[in-house]
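> Please find one structure pasted underneath; my questions will follow.
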Amino acid sequence: MFERTLVDLIRGIRNHKKNETKFINQCINEIKEELKGDMQKKTVAVQKLTYIQMLGFDISWASFKIVEVMSCNKFSSKRIGYLAASQSFNEGTDVIVLATHQIRKDFLSSNQSEAYLALNCLSNICTTDLARELANDILTLLSTQKTHILKRAITVLYKIFLRYPESLRPAFPKLREKLDDPEPSVVSCSVNVICELARRNPKNYLPLAPVLFRILTNTTNNYWMLIKIVKLFAALTPHEPRLGKKLIDPLTNIINSSPSVSLLYECIQTCITGMSDHIPLMKLCISKLRTLIEHNDQNLKYLGLLALNNIMKIHPKAVSEHRDLVLNCLEDDDISIRLRALDLLPGMTSKKNIGDIVFKLLDHLDNAEGQYKEQIIEKIIELCSMGTYQFITDFEWYINILVKLSQIQDSIHGKLIASQLLDVVIRVKIVRAYSTRQMIELLKNPKLMSNPTEGGMCEVLYAAAWIVGEFSGYVNRPIDALEAFLQPRVCVLPSHIQSVYMLNSLKVFSHACAKANGDKIPSLDDDDEEEEAQEEEDQNEITHEIVQECLEIIKSRLTIFTHSIYLNVQERACLINELLSFYTVTKEQGNNISKELISLFTEQLNPVGPKAQKKVPIPEGLDLDEWINDPKHQEPIEEDEDDDIFNTSTSSHQKKHHKHHRGGYDGDDDEDDETNSSHSGHSSSNFNRHPIDIQRQKEERLRKQANNPYMLGGKVSKKLSTNDPENIPVVQLTGDLGHLHVGASSNRPMPSKGSKKTKKHYTIDTTTEMPEGAKESDDEDEKDNKYKNDALSNINLSEPLTASDVLHTSRHRTDIIKEKEREMAMLAKKNAKLSPKSPPSTANYSEVTSPEIAPAKKATKKAAAGSNPPPPPTAKKSSKKPAATSSTTTTTKSTQAAAAVVAPPPVIVKKVLKTILDDDNFKITCEILKVSPSNETDNNQIKLTMKVQNKTDEDMSDVSISLKNPAEQCVSIKNSGEIGVLEADASTTHTELLNVVNVLNSQELQFTLLASPSSSPSITNQLSIDLPFSFFIVATKLPKDKFAEILQKSGQVSAMDSTKITGQSLTMPLVIEKLAQQLSIEVVQAHPNGQTASFYAKTTQNHHIAMLVKEKDGNISFDIKSPQSLLNQILVKEIAQLTFSSK
């Protein structure tokens, strides 16, 4: 069958554009068959699946085949498998755990490209399980000398920390060491990881400030790393104020001299964050930002405006000097530039320039479209309402601005404009008369009814109707207002607006009746009455004929609303109809109820606090977690009770008549009616409720109505604020205010000093309604931390590492079994010492294992028996136990035998780091490693890793390092070859794998370094490396009788030497500890007086070492015996270099 390649697949997809999905599904079926073939077919199939996945198709069904291709030994196949895994694997992929071993294996591959693939793939598919299993391996890679692998390993650490936060504490010391690495790219990777970590918890990384400051001052051309360091300092400076003072000079130099705009921007951001109180530096930053804003590049202009916005929050006056530059940005073609310029306007606004700024925005509003138009409307209202209208000196001007904004079609800010109209009229009493007249004109505007969608600009009619009705005492032409309220086209408006129209038409009629009868209107203040009296000189008085005409208009036009499809509109229309009928009847009887009618709408209103709902205290005894109506005790509503629907509606209708009518702008009438309707259905099925519940619900309803500022009637709620609005200081205006008219007057600026009209004194009422028991502390906003619940941000790096701060290490089950056996043997041995006359307590217990593990245990025991010598014979005691306890006896003997055999300690790879050359030309550091032996013949292998750095300004050629020691001392098994060319200021590594033939004569290794500078004579240096003899000492536990046998045999320890350590106040336990730790020499027997002990060890070439140590008056003497005096001299030298410390 013909098999498609990737090229064929792509060509086929392009040729089947009309039925692309069908063609791809056909290819997937073919690929499923190819995945059953050999590895080459699987590789091609996985490659095609990767491309199909990029087109959006799911290939999770092939995850196992992808893992198979990843495990292929062929690099080309492995690369395709890793790419497919990076593209398709996620946290929900089950087979991802099968790739753990393969990734770990590729980390240590001799082919660096395979290590690259594994690291790149891990960064994409890292899960919690993978991070936990591979964290230790990544940490091991940080010790590699291969720079490219090291950089990738450091970068992958960040993904490890995100998925497995517990690895941060044990891994952070090694990450911190890489900040001192001589390779700049390694330092850059470390800075990147630390910068990302510091965004979560900056305090953890304050101790790194000195190292980072040194990198900042010493780095010149690595702009990417400098950007990261500067961003890191921006996170640290808020937590350490002294750091900001230290950064002033280097940041000033970078801002003045750096050609990198990105670095300049980050430096300015850091200055804003941590050095905002340094005025010269802030002026420098603002001047640099001005050059960015004036640049032709749109990206630079955007960054300049963004940074200027951050400075404006701290130094608004300094930014306001550049108002003209920001206003010019409003004319930019890029909408993102214009939006950023809008964000800067609040910091540049004052009483003097608010008129110019608003009219500038209105000019742009004429040509604006879409989202930008909405942003301009929102920004105009934001500028004018800042600080409770602190910049507004002419509220009539602001009312006209709002009216002009309400005439913009297809805007979504109808509710915002409506709320502003309500807020201004409620707070500023002197503007109420003017606003009322303007709202009547607004109600007649047919444009607002052309798009009667809920939430649109028709929402302004809600506020207009409410203002006209609430302050209808200022209405001198009630007929105009009622005709606007009851015009037929009102029926197309949303229901909540219609209901407000109904209620406020009654308010207008009530005030007209009161005026016609000469009654005092309680809602008007004294100042308002004087103004009203002056304006009535030119206006017609309201007569009884006008009232009768108003009554006829309402009755004639109310019929359409009493038959409305909206329940709330119909209810209020019927209510008004009944009230007017009652008014007509009482009037015919000669009674005047105008005072009673006007008394329904005389309650004083105050704005509601913006956080009033949040500050409502929880009543004592109220449990918010307890069910109000337990669902378990609710009776289900039966569907066959259809005859109750009329009772339900009647109940709802009666309940609505008992409600006080709303006048506020909340738009919740529909929701209230639906809620009442749903609750009435429930009440009909549970009609006989307890009187206590009825009383509680009544009190709850009255409390809500008392706290509603727009609820008319009822008792006046208790106010917390005792401030008298009349005692608020009067704002002195700069000039007279001219008369404004809708349509033309909104285009004029704020009044100037040349105006001739009498001054008006505006008083802004800042009183707000708050619930009882509210506290001032409740006014604080809760600042949400993005990483508040992040596990990585909660880790404290300042605490010292503990025993629990270790990385997870996966072990085979046989290793776990061996460890348990050793623990049991040690426990048995300890118990035998404590009670030698009784058998160990562990003899009565045996571990129950699964059949799969039992063979492994047998193999382990056989291996242990073959590698360890038999235990020394011990005296056996006679046992008188019955035969039934033979199994127990056998277990006891085997346990005691295991206790006698000391398992060899695990092989520890020792490491020493030395500087072997540091002159004007080269610096060479050497890492000496004791290689873990694969067999007995490899027990003396040493690996040397030399890092060679060219310190000169010229290139070196023919660089080589060669061993000079004779073959009878050591032999070079493998090396990295000639170094070759070493560029100026560059570094490289040279490795040597040596086999030490004679451990006694190879304490000093000799090498020759040759190099040829480009413009100087050849260089020859002799290198000398001292090998620690502790590399060749094997820790051996030896019984006392064997130790005595070695001392008695002639020739095994014939040479003897002595040394003494004085003046350190040493103790025998400390000497025993240091000899075991630093020289691997184990104690054989310690005298009970604690002043004498014997020690034993042997070399890797089976030289016996016996030692007797005596302590007297804080001085320690060492008597050493070995086969050769040269060995004694080496040991004396090693003992002299021991570091004795009690820590």
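Every residue gets a Cβ built from N, Cα and C, even glycine.
As annotated in Swiss-Prot:
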{"type": "REPEAT", "residues": "129-166", "note": "repeat 'HEAT 1'"}
{"type": "REPEAT", "residues": "167-203", "note": "repeat 'HEAT 2'"}
{"type": "REPEAT", "residues": "205-242", "note": "repeat 'HEAT 3'"}
{"type": "REPEAT", "residues": "245-279", "note": "repeat 'HEAT 4'"}
{"type": "REPEAT", "residues": "280-317", "note": "repeat 'HEAT 5'"}
{"type": "REPEAT", "residues": "318-354", "note": "repeat 'HEAT 6'"}
{"type": "REPEAT", "residues": "356-389", "note": "repeat 'HEAT 7'"}
{"type": "REPEAT", "residues": "416-455", "note": "repeat 'HEAT 8'"}
{"type": "REGION", "residues": "520-541", "note": "region 'Disordered'"}
{"type": "COMPBIAS", "residues": "524-540", "note": "compositional bias 'Acidic residues'"}
{"type": "COILED", "residues": "526-550", "note": "coiled coil"}
{"type": "REGION", "residues": "634-692", "note": "region 'Disordered'"}
{"type": "COMPBIAS", "residues": "653-662", "note": "compositional bias 'Basic residues'"}
{"type": "COMPBIAS", "residues": "666-675", "note": "compositional bias 'Acidic residues'"}
{"type": "REGION", "residues": "704-728", "note": "region 'Disordered'"}
{"type": "REGION", "residues": "741-792", "note": "region 'Disordered'"}
{"type": "COILED", "residues": "814-835", "note": "coiled coil"}
{"type": "REGION", "residues": "829-899", "note": "region 'Disordered'"}
{"type": "COMPBIAS", "residues": "840-849", "note": "compositional bias 'Polar residues'"}
{"type": "COMPBIAS", "residues": "854-867", "note": "compositional bias 'Low complexity'"}
{"type": "COMPBIAS", "residues": "881-899", "note": "compositional bias 'Low complexity'"}
{"type": "DOMAIN", "residues": "914-1016", "note": "domain 'GAE'"}
> Are there residues at least 6 beyond the ends of the repeat 'HEAT 5' (280-317) whose Cβ is under 8 Å from a Cβ of it, and what are they?
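Same-chain contacts beyond the ends: 248, 251-252, 255-256, 261, 264-265, 268-269, 271-272, 325-326, 329, 332, 334, 336-337, 340-341, 343-344, 347-348.
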> As a test of reading the model: what is the averaged pLDDT for the repeat 'HEAT 1' (129-166)?
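Taking every residue of the repeat 'HEAT 1' (129-166) together, the mean pLDDT is 92.
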> Count up the helix, strand and coil residues in the repeat 'HEAT 7' (356-389) according to DSSP, in that order.
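With helix first, then strand, then coil, the repeat 'HEAT 7' (356-389) has 28 helix, 0 strand, 6 coil.
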> With DSSP as the reference, give the number of residues of the repeat 'HEAT 6' (318-354) in helix, strand and coil.
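So the repeat 'HEAT 6' (318-354) is made up of 25 helix, 0 strand, 12 coil.
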> In the same chain, which residue numbers or ranges, 6 or more beyond the ends of the repeat 'HEAT 7' (356-389), come under 8 angstroms Cβ to Cβ?
327, 330-331, 335, 338-339, 342, 345-346, 348-349, 395, 398, 401-402, 404-405, 408, 411-413, 416-417, 420, 423-424, 427-428, 747, 749, 764, 766
